[in-house]
Amino acid sequence: MRSSPALIEIHGLSKHFGPFAAVDGIDLTVPGGEVLGFLGPNGAGKTTTMRMITGFLAPSAGSITIAGFDVAAAPLQARQVLGYLPEGAPLYPDMTVAGFLGFIAEVRRIDGQRRRERLDAVIDQVGLGDVLRQPIGTLSKGYKRRVGLAQAIVHEPRVLILDEPTDGLDPNQKHEVRKLIRAMARDRAIVISTHILEEVEAVCSRAVIIDRGRIIADGTPDELKARSGYHNAVVLTVPRAQAGAATEDLKDLPGVERVTRDELADGYDRYTVIPTESVSIAGAVSGLVRERGWSVRELYVLPGRLDDVFRKLTGHRQSGEAA
Amino acid sequence: MSAIWSIVRRELAGYFATPVAYVFIVVFLLLTGIFTFYLGNFFQRGQADLLAFFNFHPWLYLFLVPAIAMRLWSEEHKAGTTELLLTLPLPAYAAVIGKFLAGWIFIGIALLLTLPIWLTVNWLGSPDNGVIVAGYLGSFLMAGGFLAIGACFSGMTSNQVIAFVLSVVTCFLFIVAGVPIVLDLFTGWAPEALVSTVASLSFVSHFQGIVKGVIDLRDLVYFASMIVLWLIANGIVVELRKG
């Protein structure tokens, strides 16, 4: 997948607002076919970075190339191959859906027969057929978001920048939008910013976490999950009567860092066995189970959760700044 | 060019999508009527010309043109659509010019709807229609100057009321710059050059030249450069506002 040519190339990108560095030296390359999830706490610099990629803000330093076009030197060509859903999906409330999409197609110089085809296609893709003649201001949040998506993809851009595309949608709508993003991913580079971590697992082939304007993690969602303290942790549920003091036994296994115990109401105990540096301990735990002859109700390995990684990497903020 | 016209069409449709356009046109026609026939003593003057009509235009535009201009950018800033508009593949100047032209065309439409006054004066007497054409041209140019000022202030803020007030104050200064009371403040102590500079900045003195039927190149250049300079400022203001 990474062998395809890069559609987005960012080198040494920085943006200063007065003395404050909102984005501080970002390097990033996104090839076609990749859906990149851009994660970070609020104020980490996600939106500022996206605004620079789309040419809305001029960088303080660094360069951005979109499908070979330098955003600073050839802004119009770069924007022509780029679709953008700004944060909050701003739209013209007085225009009808059809009028608005027609305007976007016109500005993007999609003319004649092709305009009709493209408009029909996106209206069908995002499901706007029922509201074409309605002023955008009267639409529900879900419909507005879909109109925002439609304007971003009407010209079949090779690069798609979506700032929180599912923010404020209900679970069904979120599912629809994610399906759409996955379907569009094939030969495009798509960057979505989000703070919903399940979304990253659902649609992204790669996740980048930024904090204080810098990239602090970059990998597939699975690679990032491996950095969680809970990666390869084992969950074991056994009857309390049989394994009253299993905590000590589990702790003595090789590679085990610590063990937590939850007493369940029905006479069972649930142990979470956390390994040192994510080494695999499932074999050792099941060996112990066999040796003691416990009747196991649950035994499974945790893949690690993105939120844990996210918190571990970006959670320094409160404690760090108080110090 | 095509990008500019796309913007013009969208903005013009925007005026007519809400009652703004109709309210404006009705108020404009009502006020021109009141000013011309009541305050301007159109009939009592016994002259077959439209001086009574045109003389009030600077004061009419003082409030009405900023009202037209205030939404041009402020509305976009408020809705956040500036980000959408300025990331479309069109140069920023196309957006600035397109918005200005849309407002100007709209004022032009309102001005055209005053043609019955022209017909009336032709029916009552035999005016110099060349002078009247010049008057309309001058009025339209002056409206463009007011509009460019208003568009610039609209670009500065997401608050339409602030944009309106700042535009009215600035337009007022450009009107009164040529009024004797203001000029008297300068004569006596200021060098002659300064006085004539202040006077030459006035919308009214340039407008009155044209209304009298004297189309002086300097007056045309004055209005054209007012429009161009304020639109350049408009572009800069919008750029700076992005951060």
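All residue numbers here begin at 1 and follow the chain in the order shown.
Every residue gets a Cβ built from N, Cα and C, even glycine.
Because TrEMBL annotations are produced automatically, they should be read as predictions rather than curated entries.
Listed in TrEMBL:
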- B:12-38: transmembrane segment (TRANSMEM)
- B:50-69: transmembrane segment (TRANSMEM)
- B:90-119: transmembrane segment (TRANSMEM)
- B:131-154: transmembrane segment (TRANSMEM)
- B:161-183: transmembrane segment (TRANSMEM)
- B:220-238: transmembrane segment (TRANSMEM)
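Through the fold, the transmembrane segment (B:161-183) approaches residues 58-59, 61-63, 65-67, 69-70, 73-74, 145-146, 149-150, 153-154, 195, 198-199, 201-205 of its own chain, all at least 6 residues removed from its boundaries and within a Cβ separation under 8 Å. Segment contact is absent for the transmembrane segment (B:50-69) and the transmembrane segment (B:220-238), given fewer than three CB pairs below 8 angstroms at sequence separation of 6 or more.
When Cβ-Cβ distances below 8 Å are used as the criterion, the transmembrane segment (B:12-38) is approached by residues 50, 52-53, 56, 59-60, 64, 67-68, 71, 102, 105-106, 109-110, 113-114, 117 of the same chain, each at least six residues removed from its ends.
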